[in-house]
Amino acid sequence: MTKIGLIDYGMGNLFSVQQAFKRFNQPLDIISDIKTLQSCDALILPGVGAFDPAMMNLRKTELVPSIIDWVNNGKPLFGICLGLQLLFEASDEGTSEGLGVIKGHIRRLPQEKDERIPHIGWSPIYKTNECPILENYPGSNWMYFVHSYSACPLEPKHTVAVTKFGKTDVSSMVWHKNTGACQFHPEKSGVAGQKIIFNWINWLKKNKF
């Protein structure tokens, strides 16, 4: 069985993510140091909260160089919510440098008529590019969001799904090398979110990571 590590840096809802993967009989090992990280085949980077405190906490674990090497070497990583944002170079929300494994910036959601910030609730996502975790996926599906910022990848091909925020398309999923991430919470998005998780687990098994 693929050994998947769930990174614990004090800013992720670990229990709900573990429960979501448990539905597919996939255990997750809690990762908080380099030794346990190196024993894994794949990683999950969750996240709830603000960009700067998250990067500060992540640096305290001394895992940052290892995570950067992990992604750059093509090993699989799955980011969730704030975990997606940390993959980028920087954020409008703070002054800290992100992991920088995907080129681009995290921008505050635009002011749109009839839309509130933070964006909390259900919105459909629309596939814009192919990636393994969107294989055989319908044209759109509703996911659960809680965020005030969204990713703006330098290369548009890294956005694989968007959601409408007023009249603006904002990135809701990214893919680069073997790293994928969701701005929404797949673990809280019912059957549609479970499909994302299933596809990722299945992709790991097919590729024998």
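Cβ coordinates come from backbone N, Cα and C, glycine included.
According to Swiss-Prot, the features are:
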type: DOMAIN; residues: 3-209; note: domain 'Glutamine amidotransferase type-1'
type: ACT_SITE; residues: Cys81; note: active site, nucleophile
type: ACT_SITE; residues: His185; note: active site
type: ACT_SITE; residues: Glu187; note: active site
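Separation of the C-alpha atoms of His185 (active site) and Cys81 (active site, nucleophile): 6 Å, rounded to the nearest whole number. DSSP classifies Glu187 (active site) as helix under the three-state reduction. On its own chain, the residue listed as 'active site, nucleophile' has Pro46, Gly47, Val48, Val146, His147, Cys182, Gln183, Phe184, His185 as residues at least 6 apart in sequence with a Cβ closer than 8 Å to its own Cβ. On the 0 to 100 pLDDT scale, the model's mean across the domain 'Glutamine amidotransferase type-1' (3-209) is 96. Across the active-site residues listed here (His185, Glu187), the residue whose Cβ sits among the most other Cβ atoms within 10 Å is Glu187.
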